[in-house]
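According to TrEMBL, the protein has these features:
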BINDING   Asn39, Leu41, Gly66, Glu88, Asp114, Asn144  S-adenosyl-L-methionine binding site
DOMAIN    46-237  domain 'Ribosomal RNA adenine methylase transferase N-terminal'
Amino acid sequence: FCLMGVPGKVAAFHLPPLPTVGEIIKLFRLKAQKQLSQNFLLDLRLTDKIVRQAGELKNAHVCEVGPGPGGITRSILNAGVEQLLLIEKDARFIPGLQMLSEAAPGKVRIVHGDILTYKMDKAFPKHLKKNWEDEPPDIHIIGNLPFSVSTPLIIKWLENVSQKDGPFIYGRTQMTLTFQKEVAERLTANPGGKQRSRLSIMSQHLCTVEKCFIIPGQAFVPKPEVDVAVVHFTPLVQPKIQQPFKLVEKVVQSVFQFRRKYCFRGIETLFPENGRLKRTEQLMMTANVDPTLRPFQLSMSQFRNLCNTYRKMCDEDPSLFVYNYREELRQKKTMRNLLESTSQPEQTEEENQL
């Protein structure tokens, strides 16, 4: 690696001349795999732009998720980071990433593994830890996520934010990630917006969520059928709904189960059939929510009221929280099938006797 000597100033880090990302792809015969929803970003002006959205990275510790052929990786290294952790599931990309690692001695650590199962609570040095109320730590997560992983991964990380574990054991770690444009619109949608959804509530009650800019599909290789958006997350000091993640998720999922109908229709699914109507009315009256609003019209404070009231009802009747509407439907269907199958032979016996 070369250090630019500037008298009286700390020398800036720059990667030495390397094969381009396109040349690396040819050199190691890296073809994007459709079943893994892989799309490569080769334009270094765009990868630099993504990295700038993360904020000041000089001397920071960064985890890049799914670096692939290493386009964003180069931009992160050129930003002057202290340490870069690369987590890559696809073994085909490891040799190209090792080439980058050798070009930046002591800066890069490569993990061949799956981000969904990788334990991030030990990924960074302990001295970087900050109190939750303090400014975010000098730790960043950056990634051009495969579409198939992006939603389950952000839900997992939001749960980590709620519990202050995983990558958030160090404090309010910031994330800069790519999503399909439509998913990004859901993450950032306001009440009343067409894209307002479960993702909007789950992310916005825990983080400040900003849609930074759109990358047109043709910038990727191969070109996806949709455009891509870069989204930046900063965990909030205080969540907007102060209830356990699983409880908030259950209420929000239930409300959005019938997104085109009045919200009471979804809220009904929180309660067993026996006493459903009475309990639904009780919840909505106590939470002061108009039952004729559509799910996407509800404000964050209305969701907070619903969650707080539902929590009180669960405290009074602990069996409520474990109740599962879909499970009840499944059991009813199984019972119906069982009754139909046992009544069938009796009919044929009668027919035989006749």
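Backbone N, Cα and C define each Cβ position, glycine as well.
All TrEMBL annotations are machine predictions without curation.
Positions of the features from TrEMBL, shown on the structure.
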{"residue": "Leu41", "record": "S-adenosyl-L-methionine binding site", "Cβ contacts under 8 Å, 6 or more apart": "Thr47, Ile50, Gly71, Ile72, Asn144, Ile215, Ala219, Phe220"}
{"residue": "Gly66", "record": "S-adenosyl-L-methionine binding site", "Cβ contacts under 8 Å, 6 or more apart": "Ile87, Glu88, Lys89, Ile115, Gly143, Asn144, Leu145, Pro146, Val149"}
{"residue": "Asp114", "record": "S-adenosyl-L-methionine binding site", "Cβ contacts under 8 Å, 6 or more apart": "Lys89"}
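Among Asn39, Leu41, Gly66, Glu88, Asp114, Asn144, the residues given in the record as binding S-adenosyl-L-methionine, the maximal Cα to Cα distance rounds to 20 Å. The highest number of surrounding Cβ atoms within 10 Å, among the binding-site residues Asn39, Asn144, is found at Asn144. All protein chains included, Glu88 (S-adenosyl-L-methionine binding site) registers 23 other Cβ atoms within 10 Å of its own Cβ.
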